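The structure appears right after this line, and notes come after that.
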């Protein structure tokens with residue numbers, strides 16, 4: 001029985017940018033992308049062996065209304081937050097943080113030199129979950145299922161369900177309303193793979209190394225709905241970050257690190273943050289200092 005193949009609908013280029021304390025990144029995000037990326041909001045990539053590009057890290061800052069997924073390919077990153085969580089993630093590890101009603105955290109390089117390569121993904125929360133208590137967990141590399149392909153490629157599934165050649169891989173993250181699928185695909189030269197996953201999910205693929213027949217390095221493809229999705233690597237192979245999820249189709253209003261559903265909610269968030277009421281007293285385990293936020297709000 002044949003399955004309906006997903007087809008390439010749009011292509012977008014990840015743009016060079018800076019964030020945190022001068023960290024050099026490539027970013028896929030923007031008002032024009034929020035609807036097609038839904039339920040995802042942003043994909044950032046850090047990839048440099050020049051310490052000046054990343055040493056400043058991401059000092060203490062707040063979030064509300066979404067989840068962040070930090071995936072490290074090379075190097076070490078230390079996480080610390082107001083709830084007392086602290087830890088270091090390294091190659092192959094993932095940190096999944098639900099900001100929910102509010103969290104203040106930092107992410108800093110745990111190295112003075114060498115290669116730092118990784119991604120941060122923002123995953124939106126449904127309106128009725130944006131004010132839930134924050135949560136944090138580390139996922140170690142050895143808990144992420146991986147499949148070695150016959151001619152050298154590898155597939156890792158961080159979240160969700162993905163099938164290839166009759167083999168099902170399920171990521172270690174608990175289920176979410178948006179049914180996120182996050183997978184890291186490393187393909188050998190000229191290798192072709194066909195993946196199947198829930199057809200109701202939106203699908204985005206970011207090529208972060210090499211190329212495919214349709215996409216070059218740091219180019220993302222937005223795909224139609226369907227039951228299967230195929231990739232063919234170029235002559236130097238291809239490394240692909242695959243994201244899929246159930247669209248929320250809800251209003252998005254963003255002010256820097258806050259993502260809510262209305263301007264009124266953003267205004268309340270700013271009042272909560274600046275007044276010190278941003279975080280529940282029950283969650284405070286260390287002092288949190290607020291600082292002015294100048295990022296303008298955008299409505300999607």
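Every residue, even glycine, has its Cβ placed from backbone N, Cα and C.
Look at TrEMBL and you will find 61, 63, 105, 107 tagged as Fe cation binding site. Around residue 105 (Fe cation binding site), the same-chain residues six or more apart in sequence whose CB sits under 8 Å from its CB are 60, 61, 63, 79, 80, 81, 82, 85, 97, listed in sequence order.
Among the features that TrEMBL reports, compositional bias 'Polar residues' is placed at 1-16. Beyond the ends of the compositional bias 'Polar residues' (1-16), by six or more residues, the same chain brings 24-28, 33, 36, 43, 45, 196, 199, 203, 206, 214-215, 218-230 to within a C-beta distance below 8 angstroms of the stretch.
According to TrEMBL, the domain 'Pirin N-terminal' annotation covers 31-123. Looking at the domain 'Pirin N-terminal' (31-123) alone, the prediction's average pLDDT is 95.
Per TrEMBL, the feature domain 'Pirin C-terminal' maps to 183-278. Broken down by DSSP into helix, strand and coil, the domain 'Pirin C-terminal' (183-278) contains 13 helix, 50 strand, 33 coil.
Positions annotated as region 'Disordered' by TrEMBL: 1-21.
Listed in sequence order, 20, 57, 58, 70, 77, 78, 79 are the same-chain residues at least 6 apart in sequence whose CB falls under 8 Å from the CB of residue 107 (Fe cation binding site). Within 8 Å of the centroid defined by the CB atoms of 61, 63, 105, 107, the record's Fe cation site, lie the Cβ atoms of 58, 60, 62, 68, 81, 97, 103, 104, 106, 257, excluding the listed residues themselves. Over all protein chains present, the Cβ of residue 61 (Fe cation binding site) has 16 other Cβ atoms lying within 10 Å. Secondary structure of the region 'Disordered' (1-21) per DSSP (helix as H, G, I; strand as E, B; remaining residues coil): 0 helix, 12 strand, 9 coil.
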